[in-house]
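Below you'll find the structure, written out as structure tokens, and then a few comments.
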Amino acid sequence: MSPRAVPPRFGPLQLALAVAGTAAATLDLCMDGWVAAEYARRGHPGWAALSLSLLAVASAAAQACSWLWLRSDPPALRPAVPVALLAALHLLQLGFFFRCFHALKVGWRVCWAKAEKEDELRHMAFLSHDISMLRLFKTFLENTPQLTLLLYIILRTNKAELSQGLGVGTAFLCASWSLLDYHQSLRSFLQDKYELSRGSSVIYFLWNLFLICPRVLVVALFALLWPYGVAVHFPLVWLAMFLWVSLQGTDLMESPGPEQLYRAMVAVILYFSWFNVAQGRTLYRSIIYHGFILVDSTLLALAWLWGQAPSEEHSYLRPVVAATLPCYLLGLGLRVTYYKWLHPSVQVQQEGRYDEVDDSRGINEVELRSFLEPDLVNRRMQWLAQTHFSLSQPARQQFLNGAAAV
């Protein structure tokens, strides 16, 4: 029998980070409204409408996922709030913030109210993971497209205010951070020895940063010469990614309709960044994906170089465009470095055991922290665990027995 799972740690530092994350989400919402108002005030209603549309679509998709997840959660994990109030909050686009404040309440109880029981710690880990996943969706459905729009506007006007420059840098960092945060959140359900080290976290963050930056830049440059071309390019690439995700057979949601919503959201993430959604070996899928994105981004960059007049004022961007390929290759190199020397499985191999997240090596056994308690299991977490952490047959059977008991 495998050892009893140990719940993740949650202390004052984690609570402070949760408070900071909630404050950042609130500030981001206010800034989005302010930026859209500035576009309209300066005589660019089209930019304002596009900015608000991105905000509305991303918010509606995230609220829909949040509501569907709440309805499918086990009773022990649902907040003690009337269903009608929860529905109203999600209709008012406040469901994500409700989750954040509810998590802060539970986190406060864990840290200061002497309620450090294993069930409370598991509950907090569960809440944190849902928030992390919703934040990831919001980042790539809203913030990253908004970043592309902001870069387009800076290039179109050929000037950048200090606030715009800070906004671009912050958006790139937030996109990479959301991927790292989601990855760490998934790994928090493993025993401590499987968690990412600081060095591994830094490399994971940097490789995503170096892969996202060139992608966003070439899309913005392509939009600079052919604004309506992006309106054709994005749906075509999104459709290809959606079909690819569908062929991999995702099974996160409770019914086919919501599952299509999840796949559509993942396809948007894949337009900008790698995101694993299927069990098994990821090496070949990763090669296919990065090869496709590399070719697609190269064609966008070449289209911009071809369409730009020799005397045009944006000629200073040519060295920047030339640097995008080395930047992307550096990101791929850092990813290889991570999986070869810094992935937690490297340490575990010395014990004759393996663990994999987006890796090409097999896993013999992974001890999950929170999923083995029957009253804290739901099908969504079961699927995520099986997708990202392959289990040995005995561990898988124990896991499935626990899920069946709900």
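Cβ coordinates come from backbone N, Cα and C, glycine included.
What you see is a predicted model, and the numbers here were worked out from it, not measured in a lab.
The transmembrane segment annotation in TrEMBL covers 12-35, 47-70, 76-98, 165-182, 202-225, 232-249, 261-278, 287-307, 319-338.
Beyond its flanks by at least six residues, the transmembrane segment (319-338) meets 200, 203-204, 206-211, 213-215, 217-218, 221, 290, 294, 297-298, 301, 304-305 of its own chain at Cβ-Cβ distances under 8 Å.
Within the chain, the transmembrane segment (76-98) has long-range Cβ neighbours (under 8 A, six or more residues past its boundaries) at 22, 25-26, 59-60, 62-64, 66-67, 70, 119, 123, 126-127, 131, 134, 138, 375-376, 378. Highest Cβ contact count with the transmembrane segment (287-307) among the listed stretches 12-35, 165-182, 202-225, 232-249, 261-278 falls to 202-225 (criterion: pairs under 8 Å).
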